[in-house]
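What follows is a short report on a single structure.
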Amino acid sequence: MRPNNRENNQPRQIKITRNYTKHAEGSVLVEFGDTKVLCTATVEDAVPRFLKGQGQGWVTAEYGMLPRSTHSRMQREAAKGKQSGRTMEIQRLIARSLRAMVDLKALGERAITLDCDVIQADGGTRTASITGAAVALCDAINSLIENGTLKTNPIKGLVSAISVGIVEGQAVCDLEYVEDSAAETDMNVVMMEDGRMIEVQGTAEGEPFSHEELLTLLDLAKQGCNQIFIAQRKVLGL
């Protein structure tokens, strides 16, 4: 039996709260069950040096976990003086995923930074970050349209992400921490709304998984992402 008696293909309860803070151009609190992430979008009229003069924009991301987002306190990475390899991997994943949903030429020479700060962690922090940051990015873009900075919407489509895995021989969707820590196979899937894949990260923690199990996990991920798209569209009024 899964935590909270969920079906194998059932994600946790998803809640997306827009305009959670007042200063950022986009601000979202996203909740996947007990995992909670604050995602903010900041617009700057500048691009990285390697893009100057090319007439296109940039979307990037940063990711971090608050010290007591976990069961025991973690030292802040700022206090350590460097980011962990895990943190750098996750923020690159978030950035790649969000760039896939934007026409960077239509964005013009400006950059949008998504800051994803984990308030409470119970598994799936990177997938929750992508899901919430996608909504925050839409809000930031809408602010540019409303103030006349952009004439056309550069958003190509929504992006969502979810974890899937094999736990006790069963393929399951949206793993909580207790499931993730016991998973024989763990996978994160990022998708566009039209069903195309942006990223598939899958690892056999125990026994290798079969081709058939891979297809089952991808199907579960598609079902889960489709439910997330419904939640995103509803909160955005689309």
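Using N, Cα and C of the backbone, Cβ positions are placed for all residues, glycine too.
Taken verbatim from Swiss-Prot:
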| type | residues | note |
| --- | --- | --- |
| BINDING | R86, G124, T125, R126 | phosphate binding site |
I need the most crowded of these binding-site residues: R86, R126. Count other C-beta atoms within 10 angstroms of each C-beta and give me the top one.
R126
Using DSSP and collapsing to three states, where does G124 (phosphate binding site) fall: helix, strand or coil?
coil
Just to confirm: which same-chain residues, 6+ apart in sequence, have a Cβ under 8 Å from the Cβ of T125 (phosphate binding site)?
T35, V37, M65, I90, V118
Give me the sequence-ordered set of same-chain residues, not including R86, G124, T125, R126, with a C-beta within 8 angstroms of the centroid of the phosphate site's C-beta atoms.
Y63, I90, V118, A121, G123, T127, A128, S129, N188
Long-range neighbours only, meaning 6 or more apart in sequence with Cβ under 8 Å: which ones does G124 (phosphate binding site) have?
F32, T35, I162, S163, D174, L175, E176, D180
